[in-house]
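Some notes on the structure that comes next.
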Amino acid sequence: MKLAGLKSVENAHDESIWAASWIPATNERPALLLTGSLDETLRLWRPDELARVGAPLKGHSLGVVAVAAHPSGAVAASSSMDSFIRVFEVDSNASIATLESPPSEIWSMRFDPKGTMLAVAAGGSGSIKLWDTSTWELVATLAVPQPEGARPDKTGSGKFILSVAWSPDGKRLACGSMDGTIAVFDVARAKFLHHLEGHNMPVRSMVFSPVDPRVLFTACDDTNIHMYDAEGKNMAGAMSGHTSWVLSVDASPDGAAIATGSSDRTVKLWDISMRSAVQTMANHSDAVWGVAFRPPGGTGVRVGRLASVSDDKSISLYDYS
């Protein structure tokens, strides 16, 4: 796999762009890129020419720090430093629900593969919160325990949860904390299983392999990307190459590669079989907060797409095949 720069949009938002997610294609339209910014707005973009779709989407009173797309492509969610999550219809921007998750902002949230639940990394509450997407009621709070002998993190209240990821079969949830520990849960039993060790700084992003429910990739401020066997509790590999915090990670739909974004201003493409970076893209002039591979599906789709967003207010789009 090789990336080729396709298009960049400067000043795509009025302030830093900290969140990006692809909204799957529907029968009526292709996949769309959703971005969220500290300017308190969301924007939708077409997948090839990065043309803006409609007016900016509003509804938050502070900067948007996370976005998530429902697998149906019809619904999306955004979270803000105002501690609220807004759930809305993609094509009409009509509000569906407003969810509150005090006491702090939500830095990561993900719909499960079937779209029945929304998992939220609930910051200073030290937990993952689960909402039922049919009723938008809170159905579970999974408390993250401290590892034995662990020091309290900077919040002074135990865990501060930064990132969350679903396994592709929907059976496992993982979350990353400010202190670098990673917790794995059995979703059906709402049970904590174990910690994964190896990081000792904030784990800001994580993703399971789309083709192997055991494999988890994590991005950390320690400049490393780890590959874990989330069932066996083992670290399967560690990849280094960034010179500063790794802020985001996503896996290609075929599971053969991952992409990472860093505060060193670069996007890197990593070959999983080689456990090494095979390409570095330097399209951005500031920290890269989000990388997102377009999901498969949709008519007329011949090549893959990867998007990256940055503190420099720009979006870059790459193709790969």
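Cβ coordinates are placed from backbone N, Cα and C, and glycine is handled just like the others.
Curation does not apply to TrEMBL; its annotations are automatic.
Taken verbatim from TrEMBL:
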type	residues	note
REPEAT	10-45	repeat 'WD'
REPEAT	57-98	repeat 'WD'
REPEAT	99-141	repeat 'WD'
REPEAT	154-195	repeat 'WD'
REPEAT	196-238	repeat 'WD'
REPEAT	239-280	repeat 'WD'
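Listed as Cβ neighbours of the repeat 'WD' (57-98) (distance under 8 Å, sequence separation of 6 or more from its ends, same chain) are residues 15-16, 18-26, 28-29, 31-32, 34-44, 104-111, 113-115, 118, 120, 133, 136. For the repeat 'WD' (10-45), the model's average pLDDT works out to 95.
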